[in-house]
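Dropping a structure here in structure tokens format, bear with me for questions.
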């Protein structure tokens with residue numbers, strides 16, 4: 001009997017439990033150290049040594065006053081930018097993707113190319129060209145921080161596109177829209193009453209990943225001299241590194257929860273598909 | 001624009017539908033195409049606006065060449081280490097259920113660390129191996145080892161290696177896991193039925209099948225490190241040892257190296273590298289796609 005076949009479990013070539021636990025534990029511990037170091041850093045009680053929660057308590061009791069106010073303003077900026085970016089994704093990107101899918105399937109490769117392109121253009125390169133563009137934008141719309149959403153819409157394009165396109169591929173969009181059209185629905189009702197509800201998982205995943213990317217964005221905001229969460233954290237870290245690290249930890253947890261929600265959405269989608277194929281196999 | 005669908009080829013509707021593509025097209029043109037072209041073009045013009053090759057020639061100056069060399073070195077090193085560690089993690093994750101909670105948690109953590117890091121990674125590593133960092137102090141107090149005997153290297157290029165690996169490994173897990181997951185159990189069974197060993201399975205079947213995906217992911221990691229800016233900018237507020245930091249220096253001070261529009265030339269150099277890397281990536285990716293149906 002060969003060792004490959006005698007192995008129990010779903011995947012014959014998978015490592016044994018012990019081996020995979022050892023590998024994952026080693027990598028997990030190595031990756032946990034910097035995070036733990038951040039936690040330890042925030043708990044340090046002054047020069048005398050020892051650890052306590054005083055900095056966390058002070059931050060939450062004192063509220064975001066004084067120097068921390070900038071962080072609060074910056075967080076507001078980032079959340080506003082996240083909403084603006086999501087609006088660009090939902091209002092500009094999604095209808096275009098659906099229209100292409102239904103009416104111009106041949107242009108899909110072009111669309112895919114355009115949407116994946118920002119991955120190969122580093123943000124630091126884009127900034128060089130965005131600076132002159134933004135001097136025009138500032139003349140038209142003012143130099144408000146919200147105008148950055150235009151640039152962020154491009155930054156999140158690859159991530160949002162992939163999340164939404166995989167959902168479009170999984171749902172028979174064309175049949176759905178033709179059925180609705182033949183029952184007398186207009187394009188708006190097709191879009192809002194038929195397609196959007198069917199694509200809600202992809203749209204949510206695209207929304208969450210966009211929010212996560214925008215909240216983590218530093219390069220463009222920093223070099224165009226706008227204030228967002230990341231640039232403010234860097235400024236605060238110069239004055240009070242402890243608060244900067246506490247806020248970073250909170251932001252990391254928030255981003256983790258967002259992506260965990262995406263993962264759950266994906267898992268929900270996978271289970272019914274497997275169920276379906278099992279039924280098909282039996283019949 | 002041609003209408004792909006015979007069912008709905010009434011012409012007025014087709015034109016109206018094509019108009020529907022316009023807003024997105026204009027948006028992409030204004031905020032992706034125009035900035036990219038400007039970034040490339042500025043390198044070819046001087047302050048007065050006349051065409052010149054002087055700035056592009058600056059790419060050949062020793063300072064710029066050594067910066068690109070640094071970026072290559074840093075990106076290659078962290079890409080290789082990140083790819084090997086990440087591939088090991090993918091292999092270990094094979095024994096977890098694909099829709100189980102362990103996989104979902106690992107995917108989410110990887111997503112956060114790969115995309116969200118930036119400035120916070122700098123904080124994390126200052127807290128870990130900074131002068132008063134947790135690990136630095138522990139090594140010093142417990143083993144009497146001072147990692148900074150030859151000076152503090154965290155805020156210079158060697159200091160970027162660990163933070164970069166920290167976001168490379170998660171990216172490897174995200175990009176390489178689908179390929180590992182697509183290894184078919186039947187191949188292992190066929191190998192066993194034909195009298196193959198575990199070693200022959202890995203060396204004759206799995207490694208050749210995974211090779212294009214692995215090297216594709218490796219290239220993606222290289223591109224990722226090459227274009228990464230935030231961590232380096234947060235760790236090193238003055239230096240310009242790698243290309244993105246030199247672009248920052250060129251953008252903030254106009255007369256770096258005594259040349260104008262150097263940022264444009266550097267951007268051009270970066271784009272050239274990225275185009276080569278991404279073309280190779282997509283070539284490898286289409287080879288890899290054969291095994292992932």
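Note that the numbers count up from 1, one per residue, in the order the chain is shown.
Each Cβ is built from the backbone N, Cα and C atoms, and glycine gets one as well.
These figures come from a predicted structure and were not determined experimentally.
Checked TrEMBL, it gives:
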{"type": "DOMAIN", "residues": "A:75-262", "note": "domain 'ABC transmembrane type-1'"}
{"type": "TRANSMEM", "residues": "A:20-41", "note": "transmembrane segment"}
{"type": "TRANSMEM", "residues": "A:81-101", "note": "transmembrane segment"}
{"type": "TRANSMEM", "residues": "A:113-134", "note": "transmembrane segment"}
{"type": "TRANSMEM", "residues": "A:140-161", "note": "transmembrane segment"}
{"type": "TRANSMEM", "residues": "A:203-224", "note": "transmembrane segment"}
{"type": "TRANSMEM", "residues": "A:244-267", "note": "transmembrane segment"}
Can you say which of A:20-41, A:81-101, A:203-224, A:244-267 has the most Cβ pairs under 8 Å with the transmembrane segment (A:113-134)?
A:203-224
Out of A:81-101, A:203-224, A:244-267, which stretch touches the transmembrane segment (A:20-41) the most, going by CB pairs under 8 Å?
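So the stretch in question is A:244-267.
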I need to check the long-range neighbours of the transmembrane segment (A:81-101): which residues 6 or more away from its ends have a CB within less than 8 Å of a CB in the stretch?
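Cβ under 8 Å, 6 or more out: 107-108, 111, 115, 145-146, 148-150, 152-153, 156-157, 160-161, 164-165, 168, 173-174, 191, 195, 199, 203, 206-207, 210-211, 214-215, 228.
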